[in-house]
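Read the structure below first, then the notes.
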Amino acid sequence: MAGAYDASLPSVPDWLNKGDNAWQLTSATLVGLQSMPGLVILYASIVKKKWAVNSAFMALYAFAAVLLCWVLLCYKMAFGDELLPFWGKGGPAFDQGYLKGQAKIPETVRIFGNGTTEKEATMPYFPMATLVYFQFTFAAITTILVAGSVLGRMNIKAWMAFVPLWLIFSYTVGAYSLWGGGFLYHWGVIDYSGGYVIHLSSGVAGFVAAYWVGPRPQADRERFPPNNVLLMLAGAGLLWMGWSGFNGGAPYAANLTSSIAVLNTNLSAATSLLVWTCLDVIFFGKPSVIGAIQGMVTGLAGVTPGAGPSLLTSTKCIAGLIQTWAAIIIGIFSGSIPWASMMIIHKKSTLLQQVDDTLAVFYTHAVAGVLGGLLTGLFAHPDLCVLLLPVPNTNGAFYGGNGGKQFLKQLVGAAFITVWNVVSTTLILLAIKMFIPLRMAEEELGIGDDAAHGEEAYALWGDGEKFDATRHETQMQQFERDQEAAHPSYVHGARGVTIVL
């Protein structure tokens, strides 16, 4: 077989950096593993046994459906040419000539008033195919996070219709506005790895979906223990480790920025997990595994907006928008403020208690995402902003100058994503409701997976079955003969035990 640099191979384009391309594909794979199998395992194990299959399937279906919709239409809606200030022109992204060319986000170019170019369009040193797949993994995990709010009662057919519609009419708008060269990007709102595009949008959309789908049965709301805590930790571990690709791949290059972003990401997650766990011990007397996982997630979501730049065009190696000490501070806030919103504010608010957000996605993602975006507006270093942002004279509020204006921009960006997701998610669900019930029938809610899919998660012997000696007659007879030969005093005993669970 020909080697990597064989003379007979096609020439390598001048723009292709094999190191950047390798790291970007690795990062994309890490982010993909967060969803499949990370969230598939986490969702399947964190719910009651009767919903394990349904919860896993919702994540699995979304991962596959988003990929097909992404290459058929949605990638160019999020990163293509401008249709509206908040939306790109949709179109297919699977032509070989298009995918083999250099990656480019055309609308990120910035033009002076006199028509000259102030900032070139973002053009990483790897193929367009790499960028299309990398951004797909972000779209997939965002959609799967929405499912966490409606586990345990949403009609699976309604979910199958919801996924492509929400991807088209909600996710692509946020992605284009903040990443693809839309109006928020050019205004200077900072969201480099998805604090707003991913976490805020999924948390708000999940909360709205939970309202329209309705709550779980009262018995499930009062008691909804995980069916496998150890497997739940395995899924959470994949989610945590995959975040290295989430923020480490955001610079679009294998440089010092990606290294610092990975360190900041893990440091924030660890800090937030420890803070959440300490608060559980102080107020409830003992640590909780579920609480630790929630603290991990809020730390990851909180550091995402500023851990590393996703639209890096400078050749200089820099350390994202925040310094490592700021990542620790973000971890402290991410482990405490979402905890207080979930454990205190939620319990005192009648309105919040009426909405059954199964996995508390609103608190762990929306609250943490907004928190991270606002803290980035405070901690964004001016020297780093000069190199990274399309708008000059930008810095966090703690560095003086126009910092207060940047904090205001972060607020406005959060407000836009929130309002758009409330409206779009509501309209999508009401449209689906005209044709498909959003909620399972009451008898299905009582049965669970067997009613929804005809399958159950665990086939344990004794679950509705009795021991049938005739099915094992040959083996039993052979066993008895062997026992009699070894022990003449052997007495025939019971051939089986029926376990009643």
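Glycine is treated like the rest: Cβ placed from N, Cα and C.
Copied from TrEMBL, the annotated features are:
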TRANSMEM  22-44  transmembrane segment
DOMAIN    22-458  domain 'Ammonium transporter AmtB-like'
TRANSMEM  56-78  transmembrane segment
TRANSMEM  132-151  transmembrane segment
TRANSMEM  158-176  transmembrane segment
TRANSMEM  196-214  transmembrane segment
TRANSMEM  226-246  transmembrane segment
TRANSMEM  292-312  transmembrane segment
TRANSMEM  318-339  transmembrane segment
TRANSMEM  360-380  transmembrane segment
TRANSMEM  411-432  transmembrane segment
Original post:
Out of 22-44, 158-176, 196-214, 360-380, which stretch touches the transmembrane segment (56-78) the most, going by CB pairs under 8 Å?
Top reply: 158-176
Original post:
Out of 22-44, 158-176, 411-432, which stretch has the largest tally of CB pairs under 8 angstroms to the transmembrane segment (196-214)?
Top reply: 411-432
**OP:** Would you mind listing the long-range same-chain contacts of the transmembrane segment (22-44), meaning Cβ under 8 Å and 6+ residues beyond its ends?
**Re:** 52-53, 55-56, 58-60, 62-63, 124, 126, 130-131, 133-134, 136-138, 140-141, 144-145, 147-148, 151, 228, 231-232, 234-236, 238-239, 241-246, 248-249, 252-254, 258, 293, 359, 457
